[in-house]
Amino acid sequence: MSNAVSSSVFGEKNNSVAYELPWVEKYRPIVLDDIVGNEETIDRLKVIAKEGNMPHLVISGMPGIGKTTSILCLAHALLGPAYKEGVLELNASDERGIDVVRNRIKAFAQKKVILPPGRHKIIILDEADSMTAGAQQALRRTMEIYSNTTRFALACNQSNKIIEPIQSRCAILRYSRLTDQQVLQRLLNICKAEKVNYTDDGLAALIMTAEGDMRQAVNNLQSTVAGFGLVNGENVFRVADQPSPVAIHAMLTACQSGNIDVALEKLQGIWDLGFSAVDIVTNMFRVVKTMDSIPEFSRLEMLKEIGQTHMIILEGVQTLLQLSGLVCRLAKSQMKPESFII
């Protein structure tokens, strides 16, 4: 009796737990019309979906702008109910050496599947630029042999890492970075659907940290809601683990006024929070671009200094000394010549 009661209680408890999808998947477009940005390229995919004759495709562009989603939407439009049987998707988490090309991909290409008239099986290779050169050479031959029944769609960040023989067999589509307005509109739609409490500076912070990456923006939005319940600038930067633009702005303002001691003190405060040199320099670059109070010529000089320091840091010299030298050079570039007269 007691066992039955306890099991029913546990059953109710388990049923009450709501497992929510990540918003990236929950709000992933399922038709081409819902994809944000890159209208011209999407229009070409719509023509392919309408005519039904899909060529081999290479879609390149930065992460989080809809490359894989576009291919999945195209596959759904072409195959309809036969999607599950007619599509093989391999992403970066799958082993994709020569053995996979020779065995798994070849086996799928040989498999007989009932598809709508005039349609082909589709093999989707996400992050194809991470495939080894040997695997790409093996893939080239597979593409040739099974082109009558199978089409390949490759998504990559850099198309130049795809070997030339594969590029020559494919139609290459290049996706551009999403604009801030496009990212903002999708975030507003999600906030409305999820009844999210947000502020304007919170949305601005999401856009700034995402840098055109829609996936990053949506992930940061969900993480901020889950962690704090309110999407404002401070909470977003805590979730994104990036230096606050307010602190960066204060440091750069001190540089602009030639107050080196205050600027170095602000830098030390940011450094003590544990941020890397790359994070600090990257955010300095973002903030300087938005500082309208600085004359354009001075801004260009500051951006030049920040860019040179960024290059040094990427070579491995990620020290506070490098950042301090940058701050001093920025302050010096804003000082008047008479300040140097002894």
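Each residue, glycine too, has its Cβ placed from N, Cα and C.
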Open item on the list: Need one residue: from N148, N157, N283, the one Swiss-Prot lists with V24, V36, G61, M62, P63, G64, I65, G66, K67, T68, R215 for ATP.
Closed with: N157
Task: Position of peak Cβ density within 10 Å, selected from the binding-site residues G61, P63 - done: G61
- [ ] Report the same-chain neighbours of N157 (ATP binding site): residues 6+ apart in sequence with Cβ closer than 8 Å to its Cβ, ordered by sequence.
- [x] S60, G61, M62, P63, E127, D129
Open item on the list: Using CB atoms and a 10 A radius, I'd like the single residue among the binding-site residues V24, I65 with the highest neighbour count.
Closed with: I65
Open item on the list: Need the DSSP three-state call for V24 (ATP binding site) to compare against my parser.
Closed with: helix
